[in-house]
Each structure stands twice: as structure tokens, then as C-alpha cells.
2 protein chains.
Amino acid sequence: MSVLPEDPRVGELSEAIILRGILERLGGSRALVGPGDDAAVLAMAGRVVATTDTLVEGPDFRLAWSSGYDLGWKSAAVNLADVAAMGARPTALLVALALPAETRLSFVLDLADGLRDACDRLAPGCEVVGGDLTVSPTLTIAVTALGELEEREAVRRDGARAGDVLALAGEAGQAARGLSVLFDRFRDADGRPVPVDRSGLVPDDARALDAQLRPLPPVALGPVAADAGATAMMDVSDGLARDAARMAAASGVSFDIDGAALGPHRAWAVSGGEDHGLLATFPDGRELPEGFRAIGRAVPARGDGPAVNVDGAAADGGWDPYRDWDGRSG
Amino acid sequence: MSVLPEDPRVGELSEAIILRGILERLGGSRALVGPGDDAAVLAMAGRVVATTDTLVEGPDFRLAWSSGYDLGWKSAAVNLADVAAMGARPTALLVALALPAETRLSFVLDLADGLRDACDRLAPGCEVVGGDLTVSPTLTIAVTALGELEEREAVRRDGARAGDVLALAGEAGQAARGLSVLFDRFRDADGRPVPVDRSGLVPDDARALDAQLRPLPPVALGPVAADAGATAMMDVSDGLARDAARMAAASGVSFDIDGAALGPHRAWAVSGGEDHGLLATFPDGRELPEGFRAIGRAVPARGDGPAVNVDGAAADGGWDPYRDWDGRSG
């Protein structure tokens, strides 16, 4: 029997040993059948909400900037937000990890910690019920989240009506600003990412970094918004300009946004994503649920005019993974 | 407005245009909320079965050997088999595609065709209800499959009892033999994969190739086995030696397999995987459902002895993604 080094690389280990380590970090499962069989079995009543979102090294993160824990947290958070955006409560994650053979076991175990802690913090009761491990040249984390609508109707993107109030819950622009802090402050002369040293950061930059690396989408407010009569809802992953335009197109309206309502990071909020806040519309005159603030209003579709105006001028920008990736990794 | 080349690369396109092409190929969805919102909404009664499995360029496939259609088919099939192995009927897939920017649009559309056709053939009524598109240096297809148990109990790996008959449905060894045909016949002098020319293949080798590239797991037999009283079940993805040993460990038994019952490709069936046949145990004396054949018997656990014997000798071999990958791609 070989003696393993203190922090082995996954390429030195069997799948079974890696899995055992991950499952220890995740803790026990309350599923009817949890990890370890061909599939998980879950008690889910009625309508099930399901979504998948992937983080890929390079376009979505750099290993110099994100720890395993950060990546576990973020890959859970972005999927939990998508479930919440339908008005549902997340109950289960499946996690497909594709790992380079040279990945340290400690990194994988930290990632499992991040997954678990994000579930505990953002969606108590939600847990990892299954997954898959493969080897890959590119570190890739594909998460599927499942949730329950209970008695609520799903809140879609296409229900906004002219006159509705446009409201936002969660951060607006912090995560995008955090990305700019990383690009501006933590690259070497050749543009390669270098490890983050927080000691020189002012508190607001440190908060922006946290928002980028470990976002806090307002997951619990998804069902709250549904109960409060939201007519449309989505999570903001690509910036308000792009995402509000998607809601506008689906609903057949346009939006007028009040820039002052977007807070101190207005430009980032419009053009940058990844806060995974919840954007929702509510009927005019309806009291907004706590946690949501009005940022504008739905108006009749402007046809060839702008789908989204901010203070009367067309909003543009927003992130497109196929157009905007700079091709670097590290 | 720019004019697109006839078969553009995905890096030249917006996410929205790629998605529209994929959704056209997939056809309409019967889900309560299908693709296009933050998450899908599905009507699922009672207990839900969920599993995820990923195909990665390099360890899992080579683009010289697999078409987009093959990969769509296989990524669906391996997940459908996992749902079936619990005794459930697959109802929905979520597909996370991570694509190199130079991938041709036609390849992605073929992949969508393969996903749809595998669902139609192997699990009628099952469909793609959602997904995710990201750019990546490494082509990666992460599929999550959901299924319904209806009134059945889930069939786990841990229910085999000494005296039970061990039975198999589906191919045994063909897919592994097909992989060896690829490695032996379709590589150049430097070991790099070259495109498959079927004109020189004898029919049995062509069939093996089909089993490797477009496997036909007996998905419909999963619920049938559950109804027939299967005590344990799993899909065979890593060869009988490894997978039967997993069932043996989970159930606290050992297995004696009759080599002659494994058919003409016995050695491949023991050590090679990817047929995604269903391995199940049934109480002694119970009539096996059509499509299953007896291949052995569960016996009391042999302790330190072999978990799986074939004709009285310990079976070994089987595929481990972290130990057995040769690191090549292409």
C-alpha cells in the first residue's frame, strides 16, 4: 500500500478516495437516497424547478484570485439565485466537477466546504445530493439546482405589464466593481493574475471583492416576491442593461430606470453582472416586500426605441460570454 | 448588421443566437416552463430521481472519432441509464455545454439533434428542459437527468442478498471493444486519433463502434426490473469487475459470475465499461423480466476474498477516470 503525500494531487488518487473526502465535508444528506448510488432520490411535492449554471476556469474565474472555497460558494450561489428567481425555494444541488489531474485534494475539499456553507447561508435546508467527478484539462464546475414552488405560481420573465413598478433586491454593481478591482490591482506587468493581498484595500474595495468572489444573492426573497404578487422576476447575472432588456423583450414592455435609485455603483450596476440580485416587477401601488427597492417602471414597448432607459438615455453594455471573454486564464 | 459565414464558429456569435439554434433543433417543450427563463418548471409527482454525468474532451471522447450528434446522444444516454438504474422513468434533461470559441455552429446543432434523438429513442417523453452555455478551452458536456419513480420504490445498490440471481440487460463488452477498435485502427503513427472510415470494418466491429459512440442502454427496463422485484440495480459504466464489486460492497455480499453467460465479448464485459447495461439482482426463483439474462449469483461475502469471481477466479480490471486516462485529446 502506497503512502500518500500530505496534500496529494487528484491524479494520484482513486475516484473513490476523492469522493469520500468530499462527502465527509458535505456532511450527511437528508435525501431519500443521497450521494453514492446511480442517482439521488428526493421527496419533492408538486412542481419542481430546475436550472444549471457552470463556472469555467478562464472565462468565469482565475485560480490566482479564487480559492476552492470561493468557487464552491459561487457555483452554489449563482444556481440558488436562478431557482429563487422563479419564486421557488432551493432544495438540492447536483455538482459535476471536472478537475485537472494536478489539482490538490485540499482545493477540492475547500470547494466542498464552500458549496455546503453557501447552501447553509443562502438556502437553509438545501444540500448537495449527488454529483460527478471527471478529469479535465480545464477546471469546470457545473451545478444543477432543484427547488420547490410549494403552493406558489412560478414567476416568469414575461409577466411585466406597462405601469408595473420595477424593483431590485440585493447588491447592484458591487460584484462587477470587484472584478474591476481584481483586473486593476491584482495583475502583473504582463496582465497575468496574481494572488490577492487584501492588506492594501480600502473597505469598500474589499466589500466589492467579496461580492465578486462570494456573492450573496437574496435567495430567500424569491418566494417572498412571488407571495407579494411579483408579475415578473429574474436574477441579474449580466448587468441591468442586458437583463432588464431580456425581461422587457419577454414581457413586451420597455423599462425606465431611475439612475439615482441604483446607488453608489450605478455604472457598474447597469453594465456589469454577477451580483445575482433579483429584478422583479410588481403591480403599481402594491407595497414592495422588505428587501426590494423601486428602481423604475415598466412602460409601453418603445418599438425600435431602447428597451431600457436610465434617466432617459438608452442603457447599454452587459456581459456576453462569447463576445467579452479575453481568453486568458490563470 | 454583419453577414455571418455559412457555418460560423460560436465565438463569432452571441449566446442568444446559439441558443435559438439549439432550441429549434430540440423542438417545443412540454414543461410548465421550458428553456428560456431562469429555470425550468416541471410537473413531477412524488419522489424525484436526479443524477449528473459529464463528458469531457480527452478523457471521455476525441473529436476525431465522435461527431456532435454522437456526443449529444451519448451524453443523454449515460444519464438516462443512471435514472433507469433506480427503477425510474426519465422525464427531463438539463444540459450545460462548455464550448471552445472555435466550435462550429453546425457541430452544436448536431449535438442538439443527438440529445433529442436519444431521448426519443431511449426514453420517449423525456426532453431537454434547460441548460447553460459557456465558453471553455475544453469541450465539456455536463448533463443532469431527472426522473420519476411513480409508485415504485427506488432500487438501490445495497439490496442484494446472498442467493439472489445476478442478471444483466443490454450489451456486455461491445462499447469497450468499440473503444479498442478506435484505438487500434483509427490512430496515426504518432498515436493521434484520425477520422473513422467505416468502409474497412467487418460488421461486428462496426456494431462495436456504434455501441461505443451511440450506446443503447436498456432504459425502459429500469422500471420493469423494479416492478419485477429487483433487490439491487445499477448501470454498468466501468465494467462488471468494478461495478459488480461496488454493488457487492454496498450490499455486503460477493458475486459469482458465469463467464459463458457474458456472451462473445466476455473479457471486454468484465474489464471495460460504457455499455450502460443494467445490472440487477432478483430473488432466487423469481422469473426474470424479458430483456434480463442471468449471469451469476450473489453469495455470502467472502471477506478478504474477491468480491467478484468469474468462473471461480477473481475478476479485476475496470476503468478509473483518474488512473486510466492517457492524457491525450484530439
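Easy rule for this one: first residue shown is 1, then count along the chain.
Every residue gets a Cβ built from N, Cα and C, even glycine.
As annotated by TrEMBL, domain 'PurM-like N-terminal' applies to A:36-148. The feature Mg(2+) 4 binding site is assigned by TrEMBL to A:Asp38, A:Thr51, A:Asp82. Annotated Mg(2+) 3 binding site per TrEMBL: A:Asp38, A:Asp82, A:Asp235, in sequence order. TrEMBL lists A:Thr52, A:Asp53, A:Asp132 with the feature Mg(2+) 1 binding site. According to TrEMBL, the domain 'PurM-like C-terminal' annotation covers A:162-260. Taken from TrEMBL, the feature compositional bias 'Low complexity' applies to A:307-320. Residues or ranges marked as compositional bias 'Basic and acidic residues' by TrEMBL: A:321-330.
TrEMBL feature annotations superimposed on the structure.
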{"residue": "A:Asp38", "record": "Mg(2+) 4 binding site", "DSSP (3 states)": "coil"}
{"residue": "A:Thr51", "record": "Mg(2+) 4 binding site", "DSSP (3 states)": "strand"}
{"residue": "A:Asp82", "record": "Mg(2+) 4 binding site", "DSSP (3 states)": "helix"}
{"residue": "A:Asp132", "record": "Mg(2+) 1 binding site", "DSSP (3 states)": "strand"}
{"residue": "A:Asp235", "record": "Mg(2+) 3 binding site", "DSSP (3 states)": "strand"}
Whole-number Å distance separating the Cα atoms of A:Asp38 (Mg(2+) 4 binding site) and A:Asp53 (Mg(2+) 1 binding site) is 22
Local Cβ density at A:Asp235 (Mg(2+) 3 binding site) - other Cβ atoms counted within 10 Å = 32
Inside 10 Å of the Cβ of A:Asp132 (Mg(2+) 1 binding site), count up the other Cβ atoms and send me the figure.
-> 23
Integer Å value for the Cα distance linking A:Asp82 (Mg(2+) 4 binding site) with A:Asp53 (Mg(2+) 1 binding site) is 9
Pop the Cα-Cα gap between A:Asp235 (Mg(2+) 3 binding site) and A:Thr51 (Mg(2+) 4 binding site) into the table, whole Å please.
-> 12
Within 10 A of the CB of A:Asp82 (Mg(2+) 4 binding site), the number of other CB atoms across every chain shown is 30
Cβ proximity for A:Thr52 (Mg(2+) 1 binding site), under 8 A, sequence spacing 6+, ordered by residue number, returns A:Asn79, A:Ala142, A:Val143, A:Thr144, A:Ala145
Neighbourhood of A:Asp53 (Mg(2+) 1 binding site), C-beta criterion under 8 angstroms, separation at least six | A:Ser75, A:Val78, A:Asn79, A:Asp82, A:Ala142, A:Val143, A:Ala145
All chains considered, the count of other Cβ atoms within 10 Å of the Cβ of A:Asp38 (Mg(2+) 4 binding site) is 28
Cα-Cα distance linking A:Asp132 (Mg(2+) 1 binding site) and A:Asp235 (Mg(2+) 3 binding site), given in Å to the nearest integer | 26
Which value does the mean pLDDT take for the domain 'PurM-like N-terminal' (A:36-148) in this predicted structure?
-> 97
Tally the residues of the domain 'PurM-like C-terminal' (A:162-260) by DSSP class, grouping H, G and I as helix, E and B as strand, and everything else as coil.
-> 47 helix, 17 strand, 35 coil
Cβ neighbour count within 10 Å of A:Thr51 (Mg(2+) 4 binding site) | 30
